[in-house]
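Only one structure is covered here, and it is reproduced in the block below.
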């Protein structure tokens, strides 16, 4: 019995060690309606042996009732989980699925293709490293294909695989494949996507999805799964700009005061000179503390506690950065804004803007233009409606430390919260600061009030008192 327990323990340890060393790729699938997004994900799960027997039996049964593939098992039903999705044969919600191979772990976001669900797609794409854009070989590059590509570019996704699907319906024609490739690359010249790859597939038949197909001898590339396993995403991490939004002031006893949070970009080590923003106070890193003990260096995306050599005033929402590499610090910024509420965006209405751990009141001071996501044309607008995207000027009541979104996604993004309903109504990406408004005036507090407020925040951080010197 003891021998069996030991073997079981060794198997568990071996399994954990194997998966611990794998890196993870987050990707989304997007494309026009009925291009086969859900079928492709079902094929990836099926061919990578990630479907249990009871799941396969269930979708085999459902295929006879609501399937769209005739006598074959409708693999899209693995992903289209909502009853309304199955009955209509479309994807509405963002469906997340997880699978792994010997080389890598994956999280898939299957996003809806309809224009009225743009906000769902933006939500699914916001954390992804790569996008698979499906193009129906029968119809080529459509308006929806261009819209999804624009959104992928807007959200800073650097890797795109254009999967030209349903090649079986076009007799695996090389001419069709090359024409679509040419059309897409011509359109993509307007976008900021540095890495674009192409693959001809049939999600229904499995051609070039996991294994290389004999039906496309003219294609000298690798199958889709091999692309996903081998694409390099480590270089996308920003290791240059150290940014550490403070989540919590950790003070377990009178002898220890640290600042807990996650390194969202860059790296830091004891001895590095840092600046706390927005106060501008400087110090040096004393320790990098983790659950497993002190570390010589902290990297993105580690969660750590930093201690400093000096007792400077830092609270939740502040950002610790290296003194020789400062972010933008201002009260006004030009941004891209995706509106997600059925109530239209009204300029000069008070909203709450949340950056990482910092929340600050503010307004949309001006809508520069609205971007037509289908044609990329810009037009004047008085307000933004649900699923519309615009370039807007935002103004906050206090300075905010952030970076342009294209340089640093974690510190260049924010969400907009309705102060009345507490619902998320928008998502934004910083383009740049608006010069000439870096000045900030504070209400007149007495010296005693300022000192007392600092004392309370230092010794009772769990009270979450507001720093009145920043009001």
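Just so you know, glycine gets a Cβ as well, placed from its N, Cα and C.
According to Swiss-Prot:
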| type | residues | note |
| --- | --- | --- |
| DOMAIN | 22-239 | domain 'tr-type G' |
| REGION | 31-38 | region 'G1' |
| BINDING | 31-38, 110-114, 165-168 | GTP binding site |
| REGION | 89-93 | region 'G2' |
| REGION | 110-113 | region 'G3' |
| REGION | 165-168 | region 'G4' |
Confidence over the region 'G4' (165-168), expressed as mean pLDDT on the 0 to 100 scale, is 95
The region 'G1' (31-38), counted residue by residue under DSSP: helix, strand, coil:
2 helix, 1 strand, 5 coil
Name, in the order they occur in the sequence, the residues of the same chain whose CB lies under 8 A from the CB of residue 167 (GTP binding site) and which sit 6 or more residues away.
137, 173, 176, 177, 200, 201, 202, 207, 215, 216
Top of the binding-site residues 31, 34, 37, 111 by count of other CB atoms within 10 A is 37
According to DSSP, does residue 111 (GTP binding site) sit in a helix, a strand, or coil?
coil
